[in-house]
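**Student:** For reference, the structure I am asking about is given below.
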Amino acid sequence: EWPQTGRLALYLLGLRATCPRPEPHRALVTWLKYYLEEDWTGSRRHGHPLTSYYQYGLGVLALCVHHKRVREEVIRRLLEAQHHSRLGHSGTAVDTEAVVALAFTCLERRRLVGAGLASELRAATEGMSRNMAEAQGPDGIIGNIYSTPWALQVFLATGVCHTEPAYSRAMAALLENLDAFGTAATMAQVLPVLHGHSYLDITSMHCQEEPDTLTPLDIEPPTELPGNKTVQLVVECSQPWCFELRLYDRPVSVPATASLLDVLRVAAAQDPQHFTFDTQDTAQGPFLTQVLGLEARQQKRNYWQLLTAPSTPLQMGVADYIPNDGETLILRLSEY
């Protein structure tokens, strides 16, 4: 079975933030250590974790937040990946580097590693922090809108938020795009930042001082807009082994409030012989893994890139992006 490294790590981070008694989660911490080993040993011949460096880094971060030591070999796997720029393509490098940087900072701060390794971790974190600042676009977003809170957490955790110009610009961009964070997982990434904190702050929470102030909210369902819209759906394969670049190009009529995921579902239902797709559930929502029988696989270093014509990458996932009437959406199998 596929290691549940990332999902269990996120659960343990959330559990630590709720100030639990120590007994219930001890077994889960043991399972996370097991998943970290399975994640790596199951894919030695590929030279990377079975899941991803993002999930692997989350696992190390969660263990550190729970004050658990991590084997030096596990840490050095992440150090080597960072040194050789293996932490992801342009669409995922920022959030992966941010998770790894938080893990390294936690290990150093909690003194869970020796002085020599701590110095290496500090240098790697400084390098990743510079990469994030350089990845900032003219709109203030770092990587994409969902990776921006991760980068801001690193600036906060490392104490450079007052001296790093990218911080204030990214925070302004975040405040302008808060409606993009509609799932529990994305809210969990952005809420600490809005309060000037990072995930590292839960390591030093004084649980006895935490008041029970949680109250349910009555949220009205969004108003349905009448009418339909037409979206041009295009599938491209930029790999050399594809016979042609454009594999699919047809209009799809959907309700006015339909997301990109709704567009794909309607296209598959109306034309099942010519259009198929598949997704994988993640903590951030559905992730596009297969289109027209072509799989995006980490072993082949390719992924399905989402763009709006002519070549603007989408800042949201398939379930969150709401296309406009007449818009052309491109699913492109790309390499990183």
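Glycine residues also receive a Cβ, built from the backbone N, Cα and C atoms like all the rest.
Curation does not apply to TrEMBL; its annotations are automatic.
Keep in mind that what you see is a predicted model, and the values were worked out from it rather than measured.
What TrEMBL shows for this protein is this:
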BINDING   T51, S52, Y53, Y54, Q55, D95, N144, Q189, W304, Q305, L306, L314, Y336  cyanocob(III)alamin binding site
DISULFID  C64-C106  disulfide bond
**Student:** Restricting to the chain of C106 (disulfide bond) and a gap of 6 or more, list residues whose Cβ falls under 8 Å of its Cβ, or answer none.
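**Tutor:** Spatial neighbours, sequence-distant, of C106 (disulfide bond): L61, C64, V65, L112, L200, T203.
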**Student:** If you count, for each of the recorded positions C64, L306, the other Cβ atoms lying within 10 Å of its Cβ, which residue has the minimum?
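**Tutor:** Per-residue Cβ counts within 10 Å for the recorded positions C64, L306 bottom out at L306.
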**Student:** Mind giving me a neighbour count for T51 (cyanocob(III)alamin binding site)? Other Cβ atoms within 10 Å of its Cβ, every protein chain shown.
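**Tutor:** Excluding its own Cβ, the number within 10 Å is 23.
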